[in-house]
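Engineer: Quick one: the structure is below, and I'll ask about it shortly.
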Amino acid sequence: MPKRTDIETILVIGSGPIVIGQAAEFDYAGTQACLSLKEEGYRVILINSNPATIMTDTEIADKVYIEPISLDFVSRILRKERPDAILPTLGGQTGLNMAIELDKSGILDELGIEILGTKLDAIHKAEDRDLFRNLMYELGAPVPESDIIHSLDEAKRFVVKIGYPVIVRPAFTLGGTGGGICYNDQDLEEIVTSGLKYSPVTQCLLEKSIAGYKEIEYEVMRDAVDNAIVVCNMENVDPVGIHTGDSIVVAPTQTLSDRENQMLRNISLDIIRALKIEGGCNVQLALDPYSFNYYVIEVNPRVSRSSALASKATGYPIAKLAAKIAVGLTLDEIKNPVTGSTYACFEPALDYIVAKIPRWPFDKFESAKRNLGTQMKATGEVMALGRTFEEAMLKAVRSLETGQVHLELKHAEDNSDSWIEKRIRKAGDERLFFIGEALRRGVTIEQIHEWSAIDLFFLNKFKNIVDMEQTLADHKNDKEVLRTAKRLGFADKKIAELWDTTEEAIYAYRKEQGIIPVYKMVDTCAAEFESETPYFYGTYEEENESIKSEKPSVVVLGSGPIRIGQGVEFDYATVHSVWAIQEAGYEAIIINSNPETVSTDFSISDKLYFEPLTIEDVMHIIDLEQPIGVVVQFGGQTAINLADKLAANGVKILGTSLEDIDRAENRDKFEQALRDLNIPQPQGETAVSTVEALAIGERLGFPVLVRPSYVLGGRAMEIVYNQEELQHYMENAVEASPDHPVLVDRYLTGQEIEVDAICDGEHVLIPGIMEHIERAGVHSGDSISVYPPQKLTQYQKDTLVDYTTRLAKGLGIVGLMNIQYVISQGEVYVIEVNPRSSRTVPFLSKITNIPMANIATKAILGKSIVEQGYPTGLAPEQKGVFVKVPVFSFAKLRRVDITLGPEMKSTGEVMGKDATLEKALYKGLVAAGMEIRTEGTVLFTVSDKDKEEAIALAKRFSTVGYRIVATEGTAKAFEAAGVRTDVVGKIGAKGQTLIDLIQNGEAQLVVNTLTKGKQPARDGFRIRRESVENGVPCLTSLDTAEAMVRVIESMTFTAEEMPKAEVVH
């Protein structure tokens, strides 16, 4: 069937902001799909609320709407654009749920709009737990004993029948939100209640737990004429019971016999055919390790996290082909873009092993529960390729950037044997490293298997790694042993430790002995056909397949796995930088380790190396490619941190020089630079010990802001209010960087301003100034930011432009820079300068139409801003108002305090744009998932220092018709100021307490400002967590609450009594 000609315009629904469970893989899928549809000649309209992605660039679709993905806004766009069809299966769970809502509302029938790709009834059959079960019975596919429940009583009846443990899976949710494994009645009550709350249809599936089975996934594709193929099969190293997004995964499957593989493969193909899915689909199965029994766990009828992994693991572009299938093309008509000669109906074959390890945010959230279950907690993932399981695994560990280069714990000796057993029995983010330690202590693989249910095959491979450590230690300087160790993926750093020498010495010795990696091509067909993909991984074998090109090349370092503080914004900048390098006539080479992103799509760069971002792995590539230089400013802190080691190896750093990067990042040098330039900054000093820090605190006066130098996303940054808190901080957090001192600053309250600029060495271009709604002290990534600024005077704007221009030139910036200012009592102070691309670059580039990463890259390559045809100074302000609103994933992380502070906590962002600030804020808040009601109840619990401000807010809430509720102290203050307030009991009081109020859904909004101290057991913490678990918006900054009330005021009509005439005597 050739492609359809009866449709012209297609609306693609994006996946919205990045949250845990739905990350950059959908930006990748959506970008691929839009380009793929345009390639076939369709007119593509995109709606997505996320400004940080490549997908929402105007080149990707014919029309791009950055608007909330809500029934209201999507319907408006449908009415305005009248597309012929919509394609929802590439926008993750957001896209699917939106399609179902649109269908229910009747607008699709009314406008005659068709749904492309997988049909709605197939989506229902896969997502609705009841329909899915019935379909499996018809196919004769076994599913675990289960029951659909709508209330806690039904759940209890089911458990009486089959006993514990049971798994709870809420319907139509993402990343297992609200689900979990129950071992007893208490778990059941907690998890079922939360599951019913998070399911949009209040429905959960309870099933008999088959934890301990092998978890196998098949990524399959089918077209409209029933051709179906398996693109990739994958095996979770962790057994069933851990969400696949939190599992370590290998491809292809390692421990299945041919019979098992064929059996599971056939059922996967039967399922996709029975569901009549057109496009990609992911089938998860559980296999009993001791027999041929298996169960079908679930089916995702859409492009998913696993399909992004499968695409990168095999080189087979699933999303691109799914889009073509959606418009009627068939697998035997579509050329495989990798080989350029075979068709898409050939199943990929792998002659290497792929390992994926999730990246968790626990380094940012110390108080979070670290155990893993059916609810996903990872923010991102890394992938590595190798010729042996050991090599792929160790390369993946190095890619995580958690400071580990090997299968070992930090401070392993502090762990008792019983603690190690406990951490292996209960899955957690460090289980892999605990297994390594257990093997070193002589625990047998059979014993570890009994504790963890991880297959002996994998444990044996981990044992090979541990045995090799001993062999290396026994054979110092033996080059054959060295060669074997490198084949198992050992890092030079680890070998150096075992041989009592330095990493550099090992690297030099290997080069001299000719023990260097070769680069193999990822070609989808195990080298059966000629292939033209420039996609490589390194391994220690004979033949090198990566040929250095004739053209001069530039290497761009990517930003590694997505984590809090370093999100998809940096990938955006990386991709734009690559395009600019190509436009300037050079060959662009990318090194990155993240399978979810656009930058690791082989069609983006001239060459893609899928390797860890460590000095060893990067130097190998540079030795081979001999580029004219390396660009480090787009890869976030990951790339900046490699700069000094690269320069020490004689590599040219393009753009801002290493000395100048250091002048911006090193505190003492930075302060000196500001003094030379005569630019004011908050008073501050540097401490290298606790004693010194306490003395500085005394001198400056509290509160002070403390942080280590050289960190991203405000890691280990805190505002402390007294000596005890400062001492606690110095003793617990400063390990964040032992070689670097700690900065102690006077904490200025005031408005925070952020400026991005581009400098070519002599000219400075400032695309825009952004104003934060939350006052200084909230991390810039967690603040709502507004463009153009609404409150600045002309004098302040001029001062900001002047300081920014002087800083850019004075610090020798070439390329991008980001500066944060605070305006305290009318004066402008500099807080910090980042000599690199920042997380506001995509947002600013889109709203000002100044392609910042592109201009900066060309400036780095020697073409001035003026030569590129851009003006200097502050660009003229755009019409309208644009806001960037942070999005958090607190519902996924139990026990994390949601208070905003100097340490970043948001995982993603959305944009709202409109004619006025209030309208833009409304869209931003709605897109970020807040429900804004024009009436309801607002609960205030504020600290004494905030009472004054809170009274003014309470008055405004009351005027628009909200009921005000507060605890006794606050209520008294409100009443005294003339605000009608209902009193509610504190936690633990008799009668109705505020926790009851939140749990019963009586509050639509909670305003809770910090009570001092970071102790989680505090009442404030309980209130904030209860709000999150009950889906009530909780604002921890009065500035955000003020923004919210402005929006509500702008939506409501007033009802004021007539003024009385004054009596005249």
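Cβ coordinates are placed from backbone N, Cα and C, and glycine is handled just like the others.
What Swiss-Prot lists as ATP 1 binding site is R129, R169, G175, G176, K208, I210, E215, G241, I242, H243, Q284, E298. Annotated Mn(2+) 1 binding site per Swiss-Prot: Q284, E298, in sequence order. Taken from Swiss-Prot, the feature Mg(2+) 1 binding site applies to Q284, E298. Under the heading Mg(2+) 2 binding site, Swiss-Prot lists E298, N300. What Swiss-Prot lists as Mn(2+) 2 binding site is E298, N300. For R707, R746, L748, E752, G777, V778, H779, S780, Q820, E832, the entry in Swiss-Prot reads ATP 2 binding site. What Swiss-Prot records for Q820, E832 is Mg(2+) 3 binding site, and it gives sequence analysis as the kind of evidence. Sequence annotations record features per position, and here Swiss-Prot assigns Mn(2+) 3 binding site to Q820, E832 based on sequence analysis. Taken from Swiss-Prot, the feature Mg(2+) 4 binding site applies to E832, N834. The Mn(2+) 4 binding site annotation in Swiss-Prot covers E832, N834. Residues annotated as domain 'ATP-grasp 1' in Swiss-Prot: 133-327. The domain 'ATP-grasp 2' annotation in Swiss-Prot covers 671-861. Annotation source Swiss-Prot lists domain 'MGS-like' at 930-1065. Residues annotated as region 'Carboxyphosphate synthetic domain' in Swiss-Prot: 1-401. Swiss-Prot lists 402-546 with the feature region 'Oligomerization domain', giving sequence analysis as the kind of evidence. Annotated region 'Carbamoyl phosphate synthetic domain' per Swiss-Prot: 547-929, in sequence order. Summarising the annotation, Swiss-Prot assigns region 'Allosteric domain' to 930-1065.
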Engineer: Of the binding-site residues R707, G777, H779, Q820, E832, which one has its Cα closest to the Cα of Q284 (ATP 1 binding site)?
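Structural biologist: Considering only the listed binding-site residues, the nearest one is H779.
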Engineer: Which residues does E215 (ATP 1 binding site) neighbour through Cβ under 8 Å, counting only same-chain ones at least six apart?
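Structural biologist: Spatial neighbours, sequence-distant, of E215 (ATP 1 binding site): E235, N236, D238, P239, V240, I242, T244, S247, Q284, L285, A286, I297.
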Engineer: Across all protein chains in the structure, which of the binding-site residues G175, G777 has the highest Cβ count within 10 Å?
Structural biologist: G175
Engineer: Measure the Cβ-based neighbour count of H779 (ATP 2 binding site), defined as the other Cβ atoms within 10 Å of its Cβ.
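Structural biologist: There are 22 of them.
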Engineer: Can you break down the region 'Oligomerization domain' (402-546) into helix, strand and coil residue counts using DSSP?
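Structural biologist: So the region 'Oligomerization domain' (402-546) is made up of 76 helix, 11 strand, 58 coil.
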Engineer: Mean pLDDT across the region 'Allosteric domain' (930-1065), rounded to an integer, is what?
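Structural biologist: Across the region 'Allosteric domain' (930-1065), the average pLDDT comes out at 87.
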Engineer: Whole-number Å only: compute the distance from the Cα of Q820 (ATP 2 binding site) to the Cα of G175 (ATP 1 binding site).
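Structural biologist: Just about 35 Å between their Cα atoms.
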Engineer: What is the three-state DSSP composition of the domain 'MGS-like' (930-1065), stated as helix, strand and coil residue counts?
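Structural biologist: Within the domain 'MGS-like' (930-1065) the tally stands at 56 helix, 22 strand, 58 coil.
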Engineer: Just jot down the residues in the same chain as E298 (Mn(2+) 1 binding site), at least 6 apart in sequence, with C-beta under 8 A of its C-beta; none if empty.
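Structural biologist: Expected: A126, F132, R169, Q284.
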Engineer: Which is it, of I242, L748: the one of these binding-site residues whose Cβ has the most other Cβ atoms within 10 Å?
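Structural biologist: That would be I242, with the most Cβ atoms nearby.
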Engineer: Can you give me the Cα-Cα distance between N834 (Mg(2+) 4 binding site) and H779 (ATP 2 binding site) in Å, rounded to a whole number?
Structural biologist: 14
Engineer: Which chain-mates of E832 (Mg(2+) 3 binding site) that are at least 6 residues away have a CB under 8 A from its CB, listed by sequence?
Structural biologist: I819, Q820
